Every structure is written in structure tokens, then in C-alpha cells.
Amino acid sequence: MRDIKILHTTFGILGDVFGLLLFMAPMITFKRIIRKKSTEQFSCMPYLISLLQCLLSAWYSLPFVSPNNLLVTVISAIGIGLEATYVLIFLIFTPKKGKAKICGYLFVVLSIFSSLALVSMLAFHGNKRKLFCGFAFAAACIMMYGSPLSVMRLVIKSKSVEYMPFFLSLSVFINSTSWLIFALLGKDPFIFVPNAAGTILGAVQLILYAVYHDKKGEVKKDEINESVDQMSTGKLQDEKIVDIQNENANP
């Protein structure tokens, strides 16, 4: 029993470490946004979805909802801080016409979270509260882990891993696997299910990298940096290609 608790804590710590790396990956793009004082064609939606996922994850992991998930609370709190910062940067550098739209989406995200939290407190108790919050949390996690599907489709179509960095794919796989084992040891199906999906998607990304990495063409440093963020946020690659073409047309 003691060994299981030690392993449970160990894999939770690993999940926190690799989860932090994933949350920090978009900093490359935000450095560019701050430098250029423009959000260009980047989308704020992935960060809003991630913010909702972190809020629901933090709520689910609180002791009065789901005990023994302190490490989930820690990484979720860090994620809330980082994702909120990313959204704030978007609000600062987005043109005036776009600010209202982002504020509207942010209001929806906060309303969804507040409503779910309020209902869970007033209408459910004990295990029913855990079930209600767990389903909401798992659904948000699956949405977040499903975001790289567009990148994987591009890799297969182009037969190139130019837009799918190896170390980010490896981090997704290790992060999901760590939380998967954490959930197995803690017997928590709501952490297990979305991270099982994340582990499978991470493994597929690594397989695609093994198949197509020798076919990758020469890539500019700035393009690689942008692809890291697009992999972590699920931004559509056609926007990236249009952006590159515009840069080439205006040297």
C-alpha cells in the first residue's frame, strides 16, 4: 500500500512537470506577439478552451469534490495563471474590433465554469458531485487533447513533420502517460479516460514522426518556433501557411 502511494505521488509529480512544459510552449508565439504588438492571424480560442479545462480540472481536484488529487490542483492552478495571461495579452494586442469578441468568449467560458461549479455545490453531494464534475472535467480534457488532430492530418497529407516538433510530441505522450498511471493507481476514471486518449494520440504522433522525419525539408527557425505553438494549441495550419506566404511576399 505504501509503495502504491509513493508511485501515485511520483507519477503525479511527473505529470505536473510535463504539464508545465506544455502550458509554457506558447510563450514562443507570445514573445513574437509582444515584439510585433500584433496578434496577426493567431486565434485566441485554444487558450480560452485550455483556460476552461484548467478551471474545471482545478474544481474537480478540490478535496470536497475529489480527494487525494492535490497534484492535479497544483498544475491546474498554474495552468489557470498562464492561460489567463495569454488571454490578457490577446486582449491588449488584438485590434479594437476583436476585443469585444474575445471578451464575449471569455464571458461564456467563465459563465460555463461558474454555472457548473454552482450546480455541483447546490444540487449534488458526495459521490454524485464527483460524478457531475468528473464528466465535465473529462469532456474538457478530451477537447484539449484532440486539438493536434489537424496537425496530424497535415503531416499525413504533406508527408512531412515540419509542423510537428518531436520534443513537444514526446512531452504530450509522457505527460498523458504519467497522468494515466496516476489515475490507475488512484482508481480515478475521470482522469484515466481523457489521458488514455491523450496517450494514444501522443503515441500516434511519435509513430508519424518516425515514419516521416527523414522526409522533412529544410525549415526556417521562425517557422519551427511557430509550429511549436500551433502543435500545442491546435491552430489551423492553413493560417500558418498564409502567414508565411505573406512574409515572403513582403520581405
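Even glycines carry a Cβ here, placed using N, Cα and C.
Caution: TrEMBL annotation is automatic and unverified by curators.
Going by TrEMBL, these are the annotated features:
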- 6-30: transmembrane segment (TRANSMEM)
- 42-62: transmembrane segment (TRANSMEM)
- 74-93: transmembrane segment (TRANSMEM)
- 105-125: transmembrane segment (TRANSMEM)
- 131-151: transmembrane segment (TRANSMEM)
- 163-185: transmembrane segment (TRANSMEM)
- 191-212: transmembrane segment (TRANSMEM)
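For the transmembrane segment (191-212), the list of distant contacts is 69, 72, 137-138, 141-142, 145-146, 148-149, 152, 155-156, 159-161, 164, 166, 169-170, 172-177, 179-180, 182-184: same-chain residues at least six beyond its ends, Cβ to Cβ under 8 Å. Residues of the same chain lying 6 or more positions beyond the ends of the transmembrane segment (105-125) and with a Cβ under 8 Å from any Cβ of it are 44-45, 48, 51-52, 55-56, 59, 65, 87, 131-133, 136.
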